[in-house]
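Feature annotations, reproduced from TrEMBL:
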| type | residues | note |
| --- | --- | --- |
| ACT_SITE | Cys2 | active site, for GATase activity |
| BINDING | Asp98 | L-glutamine binding site |
| BINDING | Ile287, Ser359, Gly360 | ATP binding site |
| DOMAIN | 2-211 | domain 'Glutamine amidotransferase type-2' |
| SITE | Asp361 | site 'Important for beta-aspartyl-AMP intermediate formation' |
Amino acid sequence: MCGISGYISKSHKFDLKALKAINKKLNHRGPDEEGYFVHQNVGLGHKRLSIIDLQSGQQPMKNDTEDLVITYNGELYNYKNIRQTLISKGVLFKTTSDTEVILKAYEYYGNNCVKHFRGMFAFAILNITKQELFMARDHLGIKPLVYYNDIDTFAWASEISALRETTDFKADIDYYAIDQYLKFQYIPAPRSIYRKVKKLMPGHFMVVGFDGTVKNIKKYWDLKFSPKRKTKQQWLNKLEHSLKTSVAMHTLSDVEFGAFLSGGIDSTLIVKYMTEYLGSGIRTYTIGFKDSQVNETHFAEQVVARYETDHTSVTLDGDALEILPLLVKHYGEPFGDFSAIPTFYVSELASKDVKMVLSGDGADEAFAGYGHYPLWLKKINRHQPNNVFKNNIVASLYPLANKLYPKRYPKLAKPTDKLSNYLRYRSRMDDRSREQLWQAPYKFLIDLHDEIEFLYGEDYREQSEFSRSQYFDIKVFMPSDILTKVDIASMINSLEVRTPITDKTLFELAATIPSELLLKQKNGRWQGKHLLKQLLVKDFDKAFIERKKQGFEIPLEQWLFTGTNFEAIKKRFQAPNGILRQLFEPLVLQQLLDEKNGFKVWLLLVLDEWFMQNG
């Protein structure tokens, strides 16, 4: 795993020291090596964490004619197949690295090279002959790529915090992005906390001229839901084969590696297939927290016993305020998913032994594992007219409801075809709560048209009612929350995390599985990931398989609202010159403290800490 950076000086005053300053902020992503390449007003920087081809994978890497230069972050799991295909077409290689495969694939296929890749990647290629920069991000958004565009500079990097080192960086705050953060607990791509910083969206590439002009931003891949009819056993066979193949591909490494093991269905499947492929003794890592109401470590112990792993487990006291400054520093913008805390700690634990781990992220999105999927379907069905007469009356009210009461009475709006209604359903802080929270000058933010509706609304409507909720979570929630959380929390510890389930081919397969095989009702309760669970029935008992899904919970309220921590939080919320009092209503802030609303208090704490570090 690596960190990449670079910039184009539009004024043709390139400064290598400035590039090195940007790159230095990525030290944790690549502590093994660093490299630079400069051509006139354009430069590339690279930080390397060596996982494959330890001796000959140095970057930036040039092609034979030295008119193409690449820096790359990620792993290309089908690079050997692509390499053989290119060799058969007469292409010559000097190394065995996947970096050179990407470079030669671009040289041969041009911009369409990304359509051949299977893996996680973010890369930048300088095409000196064409005088342009080609950048791309993987299909599902596993690896990040952000860029800054101003009158004098076009810069890019793996992390937002690195871009702040750009010469004359203009830190103009995007307050609409803050409202999105309060709504979702993260800032959805392509926005960031800064007006001039954008995130390249998953499944997209962009072309920038050496003069800094953005020539093209194009989507090269999208997920299409198209259920196919097969027997349950046929699906199980196909799914197991695909999972085994993906896990095997993701274990390709020249260094020691292991796996995160929460004890849940997803991480258990990863360990199961790692063991089948590599044998017993896989290194696994689990953490728990004292006083946590949810603790799955006993399930992890069952997995350890079943597959005979080399297991490390620790139980931590934890302190949200203690870890807060470090997390805020590296996420680079407000990021409110508090499961970043356990993700950081389990990454820290694993990094003491290995440089790479596998995890089970992506299964909930691909195979409908979240509890909100059946709840959303229930909500939709409650709104469905059950006769023609009712249908005509209700249908006639939809336009009026949308026009007169789009925010106050969302239940009156048609829920089945508008992404905006699902966005309300998935919001962590609803419109009314945010309107009460913001001070008067900022309340207008609530009524701005949701950018996500503009970006994804049409594609959302093309999906089936069941698939629509999955589509949003895969395109927006997963890359901007789940994958961002894992990437940053692990990279702080110089640990590469690979996600065999978050794989283009597996997601394309999952999109063809009928909904009745994803969700099943048992004992009056809907359960997701039905097929995945069936793959474990021979190894574990009913209690293990059919338990209710648990998130990676921490005792947040206890950490925040006891002892000296609560006093410190009160001081932040009540500071007369603090950012919280500048933006939000003091009475509402006090009400959140009085109610001891852990989630909302955490969101505002993260925001306050970010402004303290960057304001």
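A Cβ is built for glycine as well, from the same backbone N, Cα and C atoms used for every other residue.
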For this session: Would you find the one among the recorded positions Cys2, Ile287 whose Cβ has the most company, meaning other Cβ atoms within 10 Å?
Result: Cys2
For this session: Round to a whole number and give the Cα-to-Cα distance in Å for the pair Cys2 (active site, for GATase activity) and Asp98 (L-glutamine binding site).
Result: 13
Exercise. Using DSSP, would you call the residue listed as 'L-glutamine binding site' helix, strand or coil?
Worked result: helix
Problem set entry | Fewest-neighbour residue among recorded positions, criterion Cβ within 10 Å, set Asp98, Asp361 | Asp361
Problem set entry | Average pLDDT across the domain 'Glutamine amidotransferase type-2' (2-211), rounded to a whole number | 94
Exercise. Can you tell me how far the Cα of Ile287 (ATP binding site) sits from the Cα of Asp98 (L-glutamine binding site), in Å?
Worked result: 33
Exercise. Rounded to the nearest angstrom, how far is the Cα of the residue listed as 'L-glutamine binding site' from the Cα of Gly360 (ATP binding site)?
Worked result: 24
Seminar exercise, completed: Largest C-alpha distance in Å for the ATP site residues Ile287, Ser359, Gly360, as a whole number, is 15
Exercise. Between Asp98 (L-glutamine binding site) and Ser359 (ATP binding site), how far is it from one CA atom to the other, in Å?
Worked result: 22
Exercise. Using DSSP and three states only, what is Ile287 (ATP binding site)?
Worked result: strand
For this session: Compile a sequence-ordered list of residues in the same chain as Ser359 (ATP binding site), six or more apart from it, whose Cβ lies below 8 A from its Cβ; state 'none' when nothing qualifies.
Result: Ala259, Phe260, Ser267, Ile270, Val486, Val497, Arg498, Thr499
